Amino acid sequence: MEKFTQLRGTAAPMDMINIDTDMIIPKQYLKTIKRTGLGKHAFAEMRYNEDGSEKPDFVLNKPQYRNAQVIVAEDNFGCGSSREHAPWALLDFGIKCVISTSFADIFYNNCFKNGILPIQVTHEQLRELMDDAGKGSNAVLEIDLENQTIGRPNGESVSFEIDPHRKHCLINGLDDIGQTLQQASKIDSFEEQRKAATPWA
Amino acid sequence: MATPRTLFDKIWQSHLVDVQEDGSCLIYIDRHLVHEVTSPQAFEGLKLAGRKVRRPDLTLAVADHNVPTSDRSKGIADEESRIQVETLEKNVKDFGVPYFPVLDVRQGIVHIIGPEQGFTLPGMTIVCGDSHTATHGAFGSLAFGIGTSEVEHVLATQTLPQAPAKNMRITVEGKVPEGVTSKDVILAIIGKIGTAGGTGHVVEFAGEAIREMSMESRMTVCNMTIEGGARAGMIAPDETTFAYLKGRPMAPKGGEWELAVEYWKTLPSDEGARYDKEVVLKAEDIIPQVTWGTSPQDVVPVTGHTPDPAAESDPGKKASIERSLAYMGLAPNTPMTEVKIDKVFIGSCTNGRIEDIRAAAAIAKGRKVADSVYAMVVPGSGLVKEQAEQEGLDVILKEAGFDWREPGCSMCLAMNADKLEPGERCASTSNRNFQGRQGPGGRTHLVSPSMAAAAAVTGHLSDVRALAN
């Protein structure tokens, strides 16, 4: 997994609540057996007309946001299905950070497995960042994970909270499985205990 | 005296393999269900790293999302769907994972077959790369959906790094009125708490209305916990749970059964256990529910009408209502029973069990599907289908003009050939009414199986209580 330390990127405003994973990557693109190549299908139904042409009004189709690396969105981002294709699609598009007032649990978790930083902020902070994101080519935010800050275009800075373990893994790009396998002896002894206590399990 | 613990606390604590200094936990996973859509990249990861599946004996795989619900003996026509199913078949063979093939009578939706086989048991941790894994919580297990990276993690280690969740209790007091089903109960709950109401929590459902439900009904309630934002929903195991499980192929037998039941009886939350959040509903207030918009929280009683954005003062909510109504092709203040439908879908992991098919057949009996409507019934598994046919439910439904299909996820998410055309409107027993969920441009109204059957025979959304005898 790629490390996440700092990011300076254009933020695209998506001023909607409940952006669900069906919107982020519609099910017709879940038939892939690969993790890559989903970026062109991200937000497909909002982004393209039926004939495949782009909808010019959709934020990520606008010239100033085509290379956005940050999405600023309203409440409950990533609700719905557990599909990891959602963060895969965002990452493949180039999105490395999503800022919202709240995230659905499974999506939030999936982001960290893919080097995407989901940042939770207060409603007041979100409205300010949404305004910043609305500034087109000036909509550049500076994310600093080490110091847990979002630098705004006006020079001000917003602090955010994050679980220390998740932060550690993201900054160092750590592979979960490798870490867990270091605990193999603990898993072995747990299995033995459990076999004795609940043999049917 | 020990601190009173909730059902969740007990399962969580008994599955802790390791707790790090920073508080991060590693929990053991007892059961892992695998399907074709969210597993190929996980198996690929194992292969690339030269890793094995640690406990294939605790893993069960099935193809459900992509399978056709028409005659399957000829294979899958859609190339991508076929490749995904073939990839699963190759992976289960390479890694020695138990698998129910598409033509096996035990094949079905992953969340239907787990309980049906007794693979799902109380007190267990159960995961699957699918958000509706919450279903299995009906047995008093901690069951939740995971992403594909976590699927790979569980395959490799049989554990998961997890942060503990908060406890939330939703109590449904009293008895539900005639004509009101578990689907109406969970839709009413989501309407009350909203789609983010349970975020960060595990929900325990309690109260007389829940206790009196069959296992099938409890599964419907737990299934849609995720639509209320909580990854897991659970119900304390009791005699109803044990009676359902006894004799299931993978359930414990003989002396082990007795031991297991004794242990399961210790699982219900202790008197005085603390919940971080409590919600109470009165069952008598619930009437058959129907969604009007594009989020499961956009729900009203069938006697109600679509909302009027003009009456909403919050600009964000107002815009959201306007967007949903426009997508759904509905005017503000439209009575729900005036909404005409084109298709009916009865099935899914929410409502594809035998009780659901019985409920639909009870309304369909002696009636005809309206001329303007195409209605399909998709049993949740081959065994559900077999039982329904033994009970003659297929004959009743077919005589009424319903299409009787083969099992799978089908039009709940339209990854196979079953889908809505743009603009088509469907009364559906599934779990999500998101934009395009049942096909690009399709419009979904979530309802119970009896409400779906009522809509099929009248041609519009209808109050099933007027049709029931």
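Placed from the backbone N, Cα and C atoms, the Cβ positions cover glycine too.
Pulled from TrEMBL, these are the features on record:
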- B:CYS349, B:CYS409, B:CYS412: [4Fe-4S] cluster binding site (BINDING)
- B:294-317: region 'Disordered' (REGION)
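B:CYS349 ([4Fe-4S] cluster binding site) carries a helical DSSP state (H, G or I).
In the region 'Disordered' (B:294-317), helix, strand and coil residues by DSSP number 6 helix, 4 strand, 14 coil.
Listed in sequence order, B:PHE345, B:GLY347, B:SER348, B:CYS349, B:THR350, B:SER428, B:SER430, B:ASN431, B:ARG432, B:ARG437, B:GLN438 are the same-chain residues at least 6 apart in sequence whose CB falls under 8 Å from the CB of B:CYS412 ([4Fe-4S] cluster binding site). The number of other Cβ atoms within 10 Å of the Cβ belonging to B:CYS409 ([4Fe-4S] cluster binding site), over all protein chains shown, comes to 33. Note on B:CYS349 ([4Fe-4S] cluster binding site): other Cβ atoms within 10 Å of its Cβ, all shown chains, come to 28.
DSSP assigns B:CYS409 ([4Fe-4S] cluster binding site) to coil in the three-state reduction, outside any helix or strand. Apart from the site residues B:CYS349, B:CYS409, B:CYS412, the chain places the Cβ of B:ASP64, B:HIS65, B:ILE109, B:HIS111, B:HIS132, B:GLY347, B:SER348, B:THR350, B:GLY352, B:GLY380, B:GLY408, B:SER410, B:LEU413, B:SER430, B:ASN431 no farther than 8 Å from the centroid of the site's Cβ atoms, the recorded [4Fe-4S] cluster location.
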